[in-house]
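**Q** Have a look at this one before I ask anything.
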Amino acid sequence: IFLSILFTILTFSVIVGIVLFLFIFKIWAIVLPLALIILSLFIIFLFLEYSKNTKRNSIDNNLPFAIIHMLSLLQTGVDIEKVFFLLSEIEEYGYLSKEFKRISDLLSIGVSLTDTLIHIRDTTVSERFSEFLDELLLTLKSGRSIKDFFITYSEMQLALYRSDLEKLNQTMKTFSDLYVGIILTVPMIFISIAVMLATISEKIFGMTLSQFLSVITLILIPIVNIGFLIFISKLET
């Protein structure tokens, strides 16, 4: 829906530009539609990148737990192909479940397991999932024990997950200190400057002292808070 709206805007911009250029020979008749087209293309690019990153992060975050789940199923005697079918029905794994669904769909129409894994490996947005499938393919082709592979790989993925959590904690600590510093320091600096300027002039940037302080309190500080909350939420994902 989002992309359809943007493509509609693009088409409308082109039509408006042609009409304006034919009937009103002004430079803005070209500049305005062109600006809309460039803006729409930029928004489309940002949306596609955001969508790609969201999918990749969801797959990477759920992969260690999905591998452990796969190992537990294999240890009960479930076939590897059946494992993919079972995990494709678990929505809790987010976009990783959709990758498993792609695998199960290909297997359902008769594509071999190796060809299916090769296709998904080459088309997934997650580098970690691609590496996992590549290692699984090597295990299947070499005839090694699949259970031993999953035991080793699950331990490696859990270690990597713990490492990512430690890095996130360190980053959160750094930005929490920065956040406290900005929230406490910056308003005090602005207020001090405003008080000093008020002794020289009645207006500060065209505002009275009370208006200037209201802008800091009601606009500047909330914007900084919201910005940090959005940034932290992105770090967590």
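Every residue, even glycine, has its Cβ placed from backbone N, Cα and C.
So TrEMBL has the following annotated:
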type: TRANSMEM; residues: 5-24; note: transmembrane segment
type: TRANSMEM; residues: 30-48; note: transmembrane segment
type: DOMAIN; residues: 68-191; note: domain 'Type II secretion system protein GspF'
type: TRANSMEM; residues: 178-200; note: transmembrane segment
type: TRANSMEM; residues: 212-232; note: transmembrane segment
**Q** What is the average pLDDT across the domain 'Type II secretion system protein GspF' (68-191)?
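**A** Per the prediction, mean pLDDT sits at 85 for the domain 'Type II secretion system protein GspF' (68-191).
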**Q** With DSSP as the yardstick, break the domain 'Type II secretion system protein GspF' (68-191) down into helix, strand and coil residue counts.
**A** 106 helix, 0 strand, 18 coil
